[in-house]
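Participant: Among the features that Swiss-Prot reports, region 'Disordered' is placed at 157-189, 649-674. Summarising the annotation, Swiss-Prot assigns compositional bias 'Low complexity' to 174-188. Taken from Swiss-Prot, the feature domain 'tr-type G' covers 199-376. Swiss-Prot lists 208-215, 269-273, 323-326 with the feature GTP binding site.
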Amino acid sequence: MIDAWAIKRALCIFILINCVLKLGRSRKITWKPKKGVYIPLDDANGCKGEWKRKGVFFNIQSGKKGKRLKGRKGLRRGLVTRGTPQFRRDKFIPLFLLQDCEHRSLNGKQYNLRGRRCSSPLDVNPRGWDILPPEQPNEETIGERIGERIGEAEQLEDEGLDGGPPPGMEAKKSSSSSSSNNVHSNCSDAGKAPVCSQENIRNFCILAHIDSGKSTLADRFLELTKTIKKKKMQDQFLDMMSLEREKGITIKLKAVRMNYKNYIFNLIDTPGHFDFYHEVKRSLSVCEGAILLIDGTKGIQSQTLNIFMELQKHNLKIIPVINKIDLNICRLEKIENDLLNKFHFMKKDILHISAKYSHGVESLFQRIVSEIPSPAIKSNSFFRAIVFDSFYDQYKGVILIIKVLNGVLTKKTEVFFIQSEKTYIIQEVGYLTPEMKPTESIRQGDIAYVSSNIRKCDEVQMSETIISRDIVHLNAQRRLVVDSDLLRRNPSGEEHINVKRCNIDSSLGGVAPRMERIEREVNLEEIAASKVDVSYPVVFCNIYSVNDKQANELQAALNKLKLNDASFSFKPDVCETLGKGFKCGFNGLLHLNIIQERIKREYDVETIVTAPSVNYLIRVKEKCIDKQLKERLIDASFDIANINVEGGDHDDCNDNGGSNSDDRSDRSGKNPPDGLYYMTSNVNDIPQKNYIHGIYEPYVRTSIMTPEEYQKYIMAECFQRRGIFIKKESMDSHIIFYFDMPLSEILINFLDQIKSCTKGYGSMSYENFITYRESDLHKINIYVNNRSIDSLSFLAHKLNYQEKGKRIVLKLKEMIKPHQFLVVIQAGIGTRIFASERINPLRKNVTAKCYGGDITRRRKLLEKQSAGKKKMFSIGKVKLPPNMFTKLFDLKAQ
């Protein structure tokens, strides 16, 4: 009798085996050969399929010598041909190595993949090897290649089987990629030692107003020159910082080296926001030309005017380009007329492009090659370079971004820093492509990076000049000399040194020093490079760590940020309420916001930022100076002759008033009144009225561009903020207003008001040139429960100090939570209070248990509670929120 359970058991086993077999036919097989598993090709004659690994061919299917590879279970005849195998780096070979085999296409390249189910194309390129030469090698060539590599079969396991493409493939890849990049044969790859002539180097930057398409154009440069592979390409590729991608703006300048035909392009992408204008200035100092990009939908804007003036000051070649011509709202003819009338360009010089769709970018390449000059070449000269940017690397220390002015620099070379008077050994040199790619040497005209294992951030200064160490040394008196007998003082009292000549015609592409002396003497000023333009901070505030234990971490973070941002400055400061902190200087509120966010993200330090302020000039009465104030004046002493000072408040704030001259020289050279001056941004350092003659606040020349229909709103807003009208200019349907505005008035919310008045069509920018004007300013103190909060004190003009004080008090009332005691918030000038608000205390219902009886019992409980509240009012501490200053003073990124 047949057992039913046995039948069921056999049926289940049959189904299970069938499923396993189906799974085996459809599964992806990743076969990794090991020692003893494969058979060299010459030992398996007549096999139907071969694989190549590091120049050695192996069979993976059975041949005449064995139906199964030794020691490898499961690799029976035909098993690998089933299903859709997953091919790894060592799993494919070019088609011409195996004749009469089925194949599939891989990105335009054909590879052998013998089997019945090999009709669908591969969707990924495991290695990215390029097409091998079309001509097929004969059998003798293949046999010789196999014979040369057959001895490496036993070493494959030790060398690792995933370690890169075979040598033959590698060579073919490099040759193919060089041809695909359209690079001339005498120009090397960006990561290798340069062999291009210096006449073929083009150093240029892209400049424009905010949101004009600078980063998009930089993407097209990277894409069309094939500097970045297509699969790695993404929008705004050079904006690598997370903050840049979140906010959609460029914060830091980015240098990148590209190859175009037989030319080398050193491109610098710059920010557009005025708070990062110092990045633009540093870029112009190391370039020979610039692309002036104009938004085709908005035309010339206020920042465009400042950029054009800066380009003229540096005497750089300008290529005007109108972007976004693919949009229907592009005003091409109008913008062309504005460029012709305002900037006096020729119509044939103006290019029309669409950076998004690469239209016209190739023509821009030709203009760069033909119009932007190559760097100045000084043959037979020692190495000299200037530092224009730097950043800190965890493993390599301080990385310096330099421009080589003359000479050649190689690794392991000893160099001398002129400003810091220190010597370092170069550990690594290379190019930014945009990643750091080491090379053997860099030469004059190149924009490159160097690493010397510098661990202290304060040892490197912006505009530092680096020269060869073998031409100078320090004697016992710490003086710069070449040899002990070469430094001498001539009758005129000037110091000179002699330098060695260098032969740049070395066959190895390097520099061989020659020992003869040059006849003329080189002055020290000639060796030091001209300084890179650096903007000085205009906004100041104090930064404290929320946790006092992180004060040292905050200092280390600020040191590294200063290394990467030359316009940022800081010095230690101590506050009674907030502890140890730092007084920091910024170029604007957006700059402040970015620095605070970078401290939090990159260094994991929570910070408290105080109210922003500007530098005020104080004229003190010498007879009324006490000892404490005198000590403070000594620390803050400076040369008043270098400050442009104008006396008295100006009443010419109307359409007809003010000067009609825009010449900067008219605003300089004013002689300040005699007296003792000092400068401070800390309101608490300003003494009382009876100790000073006056307070001078900074004014800046501000340009505002607006459509004609909104000009009355712009005028009203500027006069409300105490602006002094200078002049106005007409440009087609737009008007440009020039005002001298108090710096403290335009920092907070002024741009927002301009955008609001003009429905988003207005733009604003201001110059760095500052004039100090005497103003009737009052120090406003903020009191919380009769205690002055020094970090909340600020200066306000007599016209609007009451309005500002009341607004601060009302905001504090909204931000401070109720306490167990009464909280009184007041604003006053000295002892005179002009604004006050109260936050009632939290109260417990102490009379809830009284259901009847005499009223005295109820009154007694209330009086006891009131007495406790009064006691807490005198000894209690009010808790202020840590983000109070940001909300209180509207520290929004302009």
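Glycine is no exception: its Cβ is also placed from the backbone N, Cα and C atoms.
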Participant: Using DSSP with the three-state reduction, classify A208 (GTP binding site) as helix, strand or coil.
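Facilitator: Strand, per DSSP.
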Participant: Near K214 (GTP binding site), which residues of its chain come within a Cβ-Cβ distance under 8 Å, counting only those 6 or more away in sequence?
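Facilitator: Those within reach of K214 (GTP binding site), by Cβ under 8 Å and sequence separation of 6 or more, are I206, L207, A208, T250, D269, T270, G272, L293.
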Participant: If you average pLDDT over the domain 'tr-type G' (199-376), what do you get?
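Facilitator: Here the predicted model's pLDDT, averaged over the domain 'tr-type G' (199-376), is 89.
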Participant: Write out the long-range same-chain contacts of D211 (GTP binding site), meaning residues 6 or more apart in sequence whose Cβ is under 8 Å from its Cβ.
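Facilitator: Same-chain residues close to D211 (GTP binding site) (Cβ under 8 Å, separated by 6 or more) are G272, D295.
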Participant: Taking the Cβ of H273 (GTP binding site) as the centre, how many other Cβ atoms fall within a 10 Å radius?
Facilitator: 23
Participant: Within 10 Å of its Cβ, which one of these binding-site residues (A208, I325) has the largest number of other Cβ atoms?
Facilitator: A208
